[in-house]
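Novice: Pulled these features from TrEMBL for this protein:
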TRANSMEM  A:29-51  transmembrane segment
TRANSMEM  A:58-77  transmembrane segment
TRANSMEM  A:83-101  transmembrane segment
TRANSMEM  A:108-131  transmembrane segment
TRANSMEM  A:137-156  transmembrane segment
TRANSMEM  A:177-201  transmembrane segment
TRANSMEM  A:221-243  transmembrane segment
TRANSMEM  A:264-294  transmembrane segment
TRANSMEM  A:306-325  transmembrane segment
Amino acid sequence: MADTDNVLAARRPPWRFDAPQLALTTIRIGPGLMLVAVVIAAASLSPVFLTPRNIGNVLSQSAVIAVLALAQLLVIITRGIDLSVGSTLALSAVVGALVFSSTPSGPLVVLAMLATGALVGAVNGTVFVWGRLPHPFIVTLATLSIARGLALWLSGGQPLQGMPQIVRDIGGGSLGWFPYSGFLVAGLALLGLLLTTRLVWGRWIYAVGGNPDGARRAAVPVNRVVISVYVLSGLAAGIGAVITSGRLNGGSPTFGELAELDTIAAVVIGGASFLGGRGTIANALVGALMIGVIRNGMNLLNVDAFLQPIVIGAVIVLAVELDVVRGRVEQRLRVMKAAQT
Amino acid sequence: MNHPTPPALAVTGATKRFGAVLALDGVDLAVHHGEVLALLGDNGAGKSTLIGCLSGVHKLDGGAIHMDGEPVEITSPTTARAHGIETVYQDLALFDNLDPAANFYAGREVAGPRWLPRGLRYMRRGAMAGVTAEVLSRLQVGIPDTRASVGLMSGGQRQAIAVARAATFASRVVILDEPTAALGVRESRRVLELIRRLRDEGRAIIVISHAMDHVIEMADRAMIMRRGRKVGEVIPHADNRERIVSLIVGGDG
Ligand SMILES: Nc1ncnc2c1ncn2[C@@H]1O[C@H](COP(=O)(O)OP(=O)(O)OP(=O)(O)O)[C@@H](O)[C@H]1O
Ligand SMILES: [Mg+2]
């Protein structure tokens with residue numbers, strides 16, 4: 001009896017029409033649909049929006065948020081958060097500018113920026129894991145302050161002029177209208193896709209976010225996985241420093257102010273959950289682009305600069321609401337599936 | 001029952017202390033291949049601690065463990081797994097955000113090439129999904145969509161997935177902590193059937209349960225613990241139910 005049920009259940013085709021399944025799929029690609037809607041709205045309101053030059057602008061303005069958001073996504077998947085990315089970016093840029101003042105070597109400057117970022121990330125991760133802190137909020141809030149302070153101290157509070165050619169190219173160069181930083185983001189996104197969906201490490205970050213205790217019992221190296229996402233987030237801040245200081249030809253201790261909020265917003269708009277274990281590279285990228293498009297659209301339409309943060313805030317609330325709806329639909333789906341078997 | 005072969009798993013003189021609490025006080029336990037051993041005892045008797053020491057979550061303070069007659073040391077979940085012991089924890093330790101295959105292989109993903117560090121290896125997702133589907137169908141676990149995340153499944157299906165996962169990798173011993181506690185009548189039936197199938201495939205099985213009916217139905221032997229000690233061993237049967245209960249609560253002193 002029970003066994004015949006089972007056999008029947010196993011034979012049922014998985015693709016039969018299924019309303020909650022459809023709803024789930026819609027919600028999963030929801031951020032993408034929202035981006036398309038925003039692009040259509042911007043294009044119909046402003047004739048300039050879809051010109052190649054403006055698209056190039058949007059891409060280069062979104063590049064830093066996108067890079068930081070890709071890494072912030074990894075952190076948030078493991079139930080963490082990295083509040084220090086903006087300050088780390090500034091510190092990396094200042095270190096890069098200081099290195100440039102004593103050597104003209106482009107690769108060395110880039111390396112210094114990346115290493116500074118990764119080092120701050122390593123500190124975040126290690127202090128969080130080995131200090132047995134209940135949540136990374138505190139440690140990354142502390143590094144937010146410390147890294148900004150170091151950047152101010154090292155630079156004497158002044159912007160430092162000058163960056164090697166290779167950095168200026170990465171931050172400000174373009175192939176026709178398509179900015180090099182856009183290629184960089186695309187490359188990093190592909191790498192992120194490989195990491196999160198194909199490599200064992202990617203499986204581990206989802207496992208750690210879904211059930212940290214279970215992951216530990218399943219012999220996943222939880223501590224190393226957690227430290228690694230903060231290192232990558234710091235490294236991303238270093239890459240963000242290369243882009244920003246290349247575009248502005250110098251390093252300033254004021255770079256990246258409030259960037260942490262933009263990146264977290266991008267990841268949340270992209271449907272990742274603070275409860276961990278959920279979120280995709282593609283949607284984080286969509287979230288970053290959405291913020292870029294909304295900003296750019298508002299600029300083109302001459303929307304008051306003071307109004308812009310309010311709009312971004314409203315979009316975040318909308319995105320989180322979408323996540324709540326997803327939770328409810330999943331709950332219903334679960335009840336229905338349970339009833340079928 | 002006489003067994004010509006040594007037990008699949010034998011613990012002698014198991015001792016474990018948590019600060020001032022002596023959670024295990026010289027406990028002996030043995031379970032043979034193709035046998036279901038029920039581990040009984042009131043709350044705080046030390047059952048979870050004992051199986052924790054066998055699954056590598058705790059480390060014994062004193063005592064010895066033998067598997068198929070050979071002495072072994074179990075110091076971590078990894079060593080327990082390496083010895084062919086798998087545990088279904090009371091909370092199931094499932095990853096609700098992942099599908100059954102990812103749950104099966106969490107922490108032991110099939111991936112290559114081998115010269116890379118484990119985390120950087122490329123997963124062979126097809127192979128993992130294939131084995132998972134094969135095991136689920138062999139054990140007749142009814143999962144309508146094997147690509148859905150486990151969080152979307154019913155309590156019985158989740159329990160079954162946790163048991164099937166253990167069955168896949170346990171070459172010798174499967175340990176289950178209250179496998180039917182959270183389940184309805186029908187779902188409990190399925191899990192009991194599943195346990196019986198594992199036994200018939202030759203695994204040694206240790207089950208903690210408070211459900212006396214289930215113990216009588218599935219267990220070949222029951223051992224009773226009280227306050228960190230083993231206080232008795234019984235072949236569970238409807239006729240000696242009273243005796244088991246009195247051993248558990250210690251009513252007769
Ligand atoms: N990690 C721990 N730290 C301190 N004391 C512990 C720990 N784990 C268990 N104990 C203590 O050891 C004793 C045995 O606990 P255990 O969880 O093994 O009992 P149990 O038989 O599984 O009970 P239950 O049926 O309630 O699950 C109890 O007194 C408990 O408080
Ligand atoms: Mg217990």
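Any Cβ shown, glycine's included, is placed from N, Cα and C.
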Novice: So which residues does the transmembrane segment (A:264-294) touch in its own chain, when a touch means Cβ under 8 Å and the partner is 6 or more beyond its ends?
Specialist: 27-28, 30-32, 34-35, 38-39, 42, 58-59, 61-62, 65-66, 69-70, 72-73, 76-81, 185, 189, 192-193, 196-197, 206-211, 308, 311-312, 315-316, 319-320, 322-323, 326
Novice: Can you tell me which of A:108-131, A:137-156, A:177-201, A:221-243, A:306-325 gets the most C-beta pairs within less than 8 Å of the transmembrane segment (A:29-51)?
Specialist: A:306-325
Novice: Is it true that the transmembrane segment (A:83-101) and the transmembrane segment (A:177-201) have 3 or more CB pairs under 8 Å, sequence gap of 6 or more?
Specialist: no
Novice: Could you check whether the transmembrane segment (A:177-201) and the transmembrane segment (A:306-325) come into contact, where contact means at least 3 Cβ pairs under 8 Å with the two residues of each pair 6 or more apart in sequence?
Specialist: no
Novice: Under 8 angstroms for C-beta pairs, at least 3 of them, ignoring pairs fewer than 6 apart in sequence. Is the transmembrane segment (A:108-131) in contact with the transmembrane segment (A:306-325) by that rule?
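Specialist: Contact criterion not met.
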Novice: Near the transmembrane segment (A:306-325), which same-chain residues lie under 8 Å Cβ to Cβ, leaving out any that are not at least 6 residues past its ends?
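Specialist: The answer is 27, 30-31, 34, 265, 268-271, 273, 287, 290-291, 294-295, 298.
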Novice: Are there residues at least six beyond either end of the transmembrane segment (A:137-156) with Cβ under 8 Å to its Cβ atoms? List them, or say none.
Specialist: 81-84, 86-88, 90-91, 93-95, 97-98, 120, 123-124, 127-128, 131, 230, 251-253, 255, 260
